[in-house]
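K.L.:
So Swiss-Prot lists the following for this protein:
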- SER468: active site, proton acceptor (ACT_SITE)
- ASP78, ASP120, LYS121, GLU442: Mg(2+) binding site (BINDING)
- CYS119, CYS192: [2Fe-2S] cluster binding site (BINDING)
- LYS121: N6-carboxylysine (MOD_RES)
Amino acid sequence: MRSDMIKKGFDKAPHRSLLKATGLKDEDFDKPFIAICNSFIEIIPGHKHLNEFGKLVKEAVRAAGMVPFEFNTIGVDDGIAMGHIGMRYSLPSREIIADSVETVVNAHWFDGMICIPNCDKITPGMMMAALRINIPTVFVSGGPMAAGKTSKGEVVDLSSVFEGVGAYQSGKISEEELKDIEDHGCPSCGSCSGMFTANSMNCLCEVLGLALPGNGSILAIDPRREELIKEAAEKLKVLIERDIKPRDIVTEEAIDDAFALDMAMGGSTNTVLHTLALAHEAGLDYDMSRIDAVSRRVPHLCKVSPASNWHMEDIDRAGGISAILKEMSRKEGVLHLDRITATGQTLRENIAHAEIKDKEVIHSLENPHSEEGGLRILKGNLAKDGAVIKSGATEVKRFEGPCVIFNSQDEALAGIMLGKVKKGDVVVIRYEGPRGGPGMPEMLAPTSAIAGMGLGADVALLTDGRFSGASRGISVGHISPEAAAGGTIALLEQGDIVCIDVEERLLEVRISDEELDKRKKEWKRPEPKVKTGWLGRYAQMVTSANTGAVLKVPNFD
């Protein structure tokens, strides 16, 4: 066993002595040592229940004849961090999580790992670590939150609260109505109830094969999640016995399948960023052109909030992720069904008995929302290395208009609230990319303000930053190269005409190459917003969004 490095041989007597101080007995040194990588944090509702959850995982690991050791990672609640300096720390926290998990697990030579993530950057951070460490691993997330209901019976979620702010600001609802939405938008523990980033990543984790069937959709408060815990411990033991590791599971084909589900469900645009980072950790050469190829062959079968009033509980009721995959598998060339997963079985075996139980929630191949996926990769002179739009969250497929430029999210939100943005405008929020932000903050507050004011179909928004999974409308993010790197978005001037064509996958500014070259020569990079601390280091090390915004390793040659 891998853990023999710290427990076998006469020279490991000091190690065993220390381990006995934690409560271990001599007989425990013949069992696999399992890292329980938890993320219990009281300020994050998606993680509030994970302390008790971790206890159940440890019980299941002991029952399976293994020895559990629990530790916790950090985490950032993107909703609470939204709209202020806290959002700059969100994406960088992914790297800290990956590094911290790698540190604990490799320092102590664990034989296997069960990861308990739930919210936005915690899930991809742990997945990156699992691929980096590459020991048998099973993920079992904390589960989605239920949707809420206002006193009038209206179904609401976190995106409803954000949009309620814009609606109140524009006089569309009263302060009492906003308070009603606020009080009921997040009714329980769990990851926010729509197809936002957390649930998108937990669903993708299931499809990749690192998590068990049901992981993405079973609610946090559902007793079936306890059964999932027990099964996770049993399956981990099998993975250890068969030496099946994350890099055996997360192949290029598995990533294709993860993006295929993403396209079928219209997941968060953040999945592109995180899954490219996973490919990097797995040592795979996977780029945005391959994502676009998946988008072209996968129909959009589900619309989940913010694209509709359906939530994760409805997906679960309709058959879960397995039912969506089973329906997708009817179309030749969409899924790779014979690859191994954390169950020890193939994807084909995992979904064999799944079926759609509600075709209003999960559409059939014969009745898709659209023939192509709910995410699109756009390119053009404004995004030479690519940009991403959640096409399933807008009915508008082509938009052209003059740009209104803001050099930060705060500046943009203030401008929107003051009425500086009109119908037909293209809002540009720049210098918010991985380097420029720094940290590539999400633009949920501006998109929600625009939607809440009733301009969601009449105003487009472009940024080198990110969007929350709760964002909707004509929102194009991840524009690469970013402004801080001298990308075309940095060269835009007030009133320039921008064209967004979703069907043609085009993002262009209507000015000549000669004019762009002239502006590029005159452009000067602004001073970094942050020069010290973690964010200062991050800004110097981070790469572009089109490569997953991973950190570059210095060249020591």
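Glycine is no exception: its Cβ is also placed from the backbone N, Cα and C atoms.
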K.L.:
For ASP120 (Mg(2+) binding site), what residues in its own chain, 6 or more apart in sequence, show a Cβ-Cβ distance under 8 Å?
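P.N.:
Spatial neighbours, sequence-distant, of ASP120 (Mg(2+) binding site): VAL76, ASP78, SER90, PHE196, THR197, ALA198, MET201, ASN270.
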K.L.:
If I take the alpha carbons of CYS119 ([2Fe-2S] cluster binding site) and GLU442 (Mg(2+) binding site), what is the distance between them in whole Å?
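P.N.:
Given the Cα positions, CYS119 ([2Fe-2S] cluster binding site) is 15 Å from GLU442 (Mg(2+) binding site).
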K.L.:
Enumerate same-chain residues with a sequence separation of six or more from LYS121 (Mg(2+) binding site) and a Cβ-Cβ distance below 8 A; give 'none' if the list is empty.
P.N.:
GLY75, VAL76, ASP78, SER90, LEU91, SER93, ARG94, ILE97
K.L.:
Take the Cβ of the residue listed as 'active site, proton acceptor' and count every other Cβ within 10 Å, whichever protein chain it belongs to.
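P.N.:
For the residue listed as 'active site, proton acceptor', the 10 Å Cβ neighbour count is 31.
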K.L.:
Taking DSSP three-state, what's ASP120 (Mg(2+) binding site) in: helix, strand or coil?
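P.N.:
DSSP assigns ASP120 (Mg(2+) binding site) to coil.
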K.L.:
Which Cβ among the binding-site residues (CYS119, CYS192) has the fewest C-beta neighbours inside 10 Å?
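P.N.:
Per-residue Cβ counts within 10 Å for the binding-site residues CYS119, CYS192 bottom out at CYS119.
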K.L.:
What are the non-local neighbours of GLU442 (Mg(2+) binding site), defined as same-chain residues 6+ apart in sequence with CB under 8 A from its CB?
P.N.:
ASP78, MET82, MET87, SER90, GLY465, ARG466, PHE467, SER468, SER471
K.L.:
Counting every protein chain present, what is the number of Cβ atoms, excluding its own, within 10 Å of the Cβ of ASP78 (Mg(2+) binding site)?
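P.N.:
The answer is 30.
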K.L.:
For the recorded Mg(2+) site, enumerate neighbouring residues of the same chain (Cβ within 8 Å of the Cβ centroid of ASP78, ASP120, LYS121, GLU442, site residues themselves excluded), in sequence order.
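P.N.:
Residues close to the Mg(2+) site, other than ASP78, ASP120, LYS121, GLU442: VAL76, ALA81, MET87, SER90, LEU91, CYS119, THR197, ALA198, ASN270, SER468.
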